Amino acid sequence: FQGYLDHEQFNQLEELQDDANPNFVEEVVTLYYRDSARLVHSIEQALEKSPIDFNKLDSYMHQFRGSSSSIGAKKVKAECSLFREYCRAGNGEGCMRTFQQVKKEYTALRKKLETFFQLARQAGPVDRARRPK
Amino acid sequence: MNLVLRFQTRPLSIGRSSAFITSSEQQPTTPQQFKGLKIVLADDDNVNRTVTKKLLEKLGCEVTAVASGFECLSTLSSENSVRVVILDLQMPEMDGFEVASRIRKFRSRNWPFIIALTASAEDNIWERCLQLGMNGVIRKPVLLQGMAEELRRVLQVAG
């Protein structure tokens, strides 16, 4: 997870997990991917329109950035910030390019998290402390 | 013939394992220190709302979580023992500023307490919030420690 996750933030999620909610982290991450899939789709559609509605794009990206930062998705969040700068500058090309990066980071993180949860399920709660890097 | 079975035991990392979290380890805050504190949380983002709600519950609060300014106002009108409202400032339709103005119009300055949640780094956010009668501001993403400190600070004002 080197560089992909903000460990303080992700730790926070792990600390919220307890006997009453033993799968809290996985639930939140699943919720994130579900909600953000919708946003990704909306952003893609908005980027295809002509002329581009930068305000709308910025608003979608604000949401995306917000929930990404809640789960500690550091790289995704950084690309989102960059995207918003292009939005504010009204730079459609820049937006499209950056969005490819956003999707790349987002997908890469998803794969890492899926592996993490698979391992966690196999190992049981005691080994959760050892996170694959 | 002797059969020797060797078991490899892995060390228990009790301190880090979520199932055995002790409040002394990473959180200087005592769990349950805000026991029974009634809170309304308004945040339109599902992920943020879920995480913040759990965080508050970890602190012992009783949380009603809503997804819009409208729902927030209607919850408050039907439940008058709500002590604190935690509001995301950037919500579509009705933002946190609007919600706070409306709350303050009909109620006293300190009931309920209003704490804003914002991802914004602007300097004048605190001022704007104060002017509207809000009592606190928390920067997103929210951490347990930050939330506990701000809650403590806001509640202490009343004595």
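A Cβ is built for glycine as well, from the same backbone N, Cα and C atoms used for every other residue.
What TrEMBL says about this protein:
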DOMAIN    A:21-116  domain 'HPt'
MOD_RES   A:HIS62  phosphohistidine
> Hey, what's the Cβ neighbour count for A:HIS62 (phosphohistidine) at 10 Å?
Replying inline: 15
>> Mean pLDDT across the domain 'HPt' (A:21-116), rounded to an integer, is what?
In response: 94
